[in-house]
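Here's the structure, in structure tokens; my notes come after.
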Amino acid sequence: MTTKNTSGRGQRELRVRVKTAKGRKLSSTLWLERQLNDPYVIRAKKEGYRGRAAYKILELDDKFGFLKPGGRVVDLGCAPGGWCQVAVERVNALGQKKNKPEGTVLGVDLQEVEPISGAEIHQLDFLSDDADEKVKGWLGGRADVVMSDMAAAASGHKGTDHLRIIALCEAAAAFAFDVLEEGGTFVAKVLAGGAENELQALLKKNFTKVANVKPPASRADSSEKFVVAMGFRGRASEPEEGEA
């Protein structure tokens, strides 16, 4: 590994260059070099977040203000935990803001996640038959915010990956419709590809405001974007059984 000093406009930057080790693919070397030089990765290490993804939800909340002290948050696909960390801070789950109400944060992921102070974490396959009932039991009431950063393992085929993540978003949205308080917020990561249009239409029927955002922390070469649906209309907006 080597470093190179570059300067511009009076500032010096230190860029890390990674040599391709024996047995390591060039693509792996380039990924590692990008990680080591990514300002969000560097910032996350300094500020104690578990990954650069924390800044995506920070930037979304800075823009829309859905994480409030006293709020009840469910984070689906929470590994490695950056979104939960942000939620804990913003809803005052640790009670560090003495003059503000304390919120709660519940995280769920297929993978095991290291404990996060102020959050309740469970390992669970959210697509299993009884998953939503389990999560509702752990939640013990309604939620103000449901966030989903769920993603299926990459297949290498963009169309397939797009359809898989849309299916996860639809499952998360169905759960949100069931647990959100009226006026609540749903936030989810999607991959652009066309199939998200039906999801958008569904959300617009159930929320007063739906926005598609690519926050600065989302890499420019990524097809990911985030849907932020605010102002949940409530379960009364759903058709009654037998209604056409």
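Any Cβ shown, glycine's included, is placed from N, Cα and C.
According to its DSSP assignment, LYS189 (active site, proton acceptor) is in a strand. What Swiss-Prot records for LYS189 is active site, proton acceptor.
Its own atom aside, the Cβ of TRP83 (S-adenosyl-L-methionine binding site) has 32 Cβ atoms within 10 angstroms in the protein chains shown. In the three-state DSSP classification, TRP83 (S-adenosyl-L-methionine binding site) falls within a helix. Annotated S-adenosyl-L-methionine binding site per Swiss-Prot: GLY81, TRP83, ASP109, ASP125, ASP149, in sequence order.
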